[in-house]
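Undergrad: What follows is a single structure, and I will ask about it in a moment.
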Amino acid sequence: ALRLAGGRSRCEGRVELQREGTWGTVCDDGWDIPDADVVCRQLGCGRALRAPGNAAFGRGRGPILRDELGCRGHERHLWECPAAPEHDCSHKEDAGAVCSEHQEWRLSGGRDGCAGRVEVFFRGVWSTVCNSTWYELEATVLCRTLGCGNALQRPSFGHTLPGKMVYLCGSLQPSLAQCRWAFNKSAPCYQSWAAGVVCNGTGS
């Protein structure tokens with residue numbers, strides 16, 4: 001089994017492998033984009049945007065299961081890639097990955113980081129969110145994800161960024177990425193405005 005841990009979505013974080021029921025990490029010696037590409041593709045997270053080392057997503061626990069990975073980038077599973085038989089690493093060298101299907105959010109144009117137009121970073125670009133299904137539930141999920149409390153208002157803005165995202169949350173999810181979403185599908189965004197939110201918390 002393979003997962004990314006410590007990130008803001010399931011498509012970003014510290015690379016962790018499971019062996020015999022125990023989760024362990026990968027050392028960042030020789031860690032690069034082709035290695036991270038294999039991880040991202042194996043997880044259904046697109047391609048690798050970045051391959052950070054130095055425990056960028058915190059130090060893991062358990063054994064260090066891979067060192068000096070030499071993926072070419074086309075392998076279907078990380079354990080198909082050649083690796084050193086022994087490691088000389090500690091958890092301060094844990095490898096990470098940021099994949100193209102990772103989503104992160106910000107609010108722009110408001111009084112602070114907890115108010116403004118909703119913008120999502122997805123597939124390497126910042127895009128707006130359509131307000132066609134932007135209800136109190138979706139707005140509250142975002143406010144909580146950003147550490148901004150609950151949603152007070154949902155103002156509308158214009159679309160001026162390249163892409164458009166639609167979210168529909170059936171229940172209070174830990175993040176918008178766990179709700180149903182569609183990217184650059186014209187029908188749900190037809191004649192919609194860009195979503196905004198004013199949360200009851202304050203941010204930088």
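One-based numbering along the chain as shown.
In case you wondered, yes, glycine gets a Cβ from its N, Cα and C as well.
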Undergrad: According to the record in TrEMBL, which candidate from Cys71, Cys89 pairs with Cys81 in a disulphide?
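TA: Matching partner in the record: Cys71.
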Undergrad: Using the record from TrEMBL, pick out the residue from Cys169, Cys199 that is joined to Cys179 by a disulfide.
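TA: Between Cys179 and one of Cys169, Cys199, TrEMBL records a disulfide, namely with Cys169.
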Undergrad: Measure from the CA atom of Cys179 (disulfide bond) to the CA atom of Cys71 (disulfide bond) and give the result in Å, rounded to a whole number.
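TA: Approximately 33 Å lies between the Cα of Cys71 (disulfide bond) and that of Cys179 (disulfide bond).
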Undergrad: Out of Cys71, Cys81, Cys179, which of these disulfide-bonded residues shows the lowest number of other CB atoms within 10 Å of its CB?
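TA: The disulfide-bonded residues Cys71, Cys81, Cys179 were compared, and Cys81 has the fewest Cβ atoms within 10 Å.
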Undergrad: How far is it from Cys81 (disulfide bond) to Cys179 (disulfide bond), counting Cα to Cα, in Å?
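TA: With distance taken Cα to Cα, Cys179 (disulfide bond) is 33 Å from Cys81 (disulfide bond).
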Undergrad: Check the domain 'SRCR' (2-100) for me and report the mean pLDDT.
TA: 95
Undergrad: Residue counts in helix (H, G, I), strand (E, B) and coil for the domain 'SRCR' (2-100), per DSSP?
TA: 16 helix, 30 strand, 53 coil
